[in-house]
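Taking it in order: structure first as structure tokens, then the write-up.
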Amino acid sequence: MTAWLSFLVVFLCSWSLRDLVVEACTCVPIHPQDAFCNSDIVIRAKVVGKKLMKDGPFGTMRYTVKQMKMYRGFQIMPHVQYIYTEASESLCGVKLEVNKYQYLITGRVYEGKVYTGLCNWYEKWDRLTLSQRKGLNHRYHLGCSCKIRPCYYLPCFATSKNECIWTDMLSNFGHSGHQAKHYACIQRVEGYCSWYRGWAPPDKTIINATDP
């Protein structure tokens, strides 16, 4: 088992031996804020090169990146030069284009190397909403002590004062929903956590739990 495969098992990306054969990668939906808070490294970067490393049974892809900005991980690795991922998409490896886009990349550090995959949050930078960019700069930090609890069917209730109920799965899935695109769950002065909308207008098409 490669180092990255070991990490994926820990980080909510699961599969069976049969999944590997049929080329499947299954990830638990995660709000961008949780993806941010659970990552060792969060950067904005452009991929400037790639190399297939022949380690393990499937190999590892090493991307050379030009780091534009770091949002998380200063104490662990202040400058990132390489990003590692499984070469096979069936093992949740990501495919990044060289010399074309800037990406938001989140990952974990293992033995001095940054690993990412399909179960991490990665996206072309120009596809991020203004609220997500604000979250990366400041707001997500404020909510790392909060808990975002997914709601898959109604009714859903917060069980503690540090919970925000995430309802995107009722009408969307994962990162594509309104709360994922426009909300951060932050801790208020009073000590409880609640959704903060920021720059996004209210969304009247979904249930009230989105806009408490």
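Every residue, even glycine, has its Cβ placed from backbone N, Cα and C.
Just so you know, TrEMBL annotations never went through curation; they're auto-generated.
Around the Cβ of Cys25 (Zn(2+) binding site), the number of neighbouring Cβ atoms within 10 Å comes to 20. The Zn(2+) binding site annotation in TrEMBL covers Cys25.
The feature disulfide bond is assigned by TrEMBL to Cys25-Cys92 (among others).
According to TrEMBL, the feature disulfide bond maps to Cys27-Cys119 (among others).
The disulfide bond annotation in TrEMBL covers Cys37-Cys144 (among others). Sequence-distant neighbours of Cys37 (disulfide bond) (same chain, 6+ residues apart, CB-CB distance under 8 A): Tyr140, Gly143, Cys144.
The disulfide bond feature in TrEMBL is assigned to Cys146-Cys193 (among others). Counted within 10 Å of its Cβ, the other Cβ atoms near Cys146 (disulfide bond) come to 25, all protein chains included.
Feature annotation from TrEMBL assigns disulfide bond to Cys151-Cys156 (among others).
If you look up TrEMBL, you'll see Cys164-Cys185 (among others) marked as disulfide bond. Counting every protein chain shown, the number of other Cβ atoms lying within 10 Å of the Cβ of Cys185 (disulfide bond) is 27.
Marked as domain 'NTR' by TrEMBL: 25-144.
Positions annotated as signal peptide by TrEMBL: 1-16.
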Using a 10 Å cut-off on Cβ-Cβ distances across all protein chains shown, tell me which of the disulfide-bonded residues (Cys27, Cys92, Cys151, Cys156, Cys193) has the largest neighbour count. Cys92
Most crowded position, judged by CB atoms within 10 A, among Cys119, Cys164 as disulfide-bonded residues: Cys164
Taking Cα atoms as reference points, rank the disulfide-bonded residues Cys27, Cys146, Cys164, Cys185, Cys193 by distance from Cys92 (disulfide bond) and give the first. Cys27
Neighbour tally for Cys144 (disulfide bond), based on other Cβ positions within 10 Å of its Cβ: 15
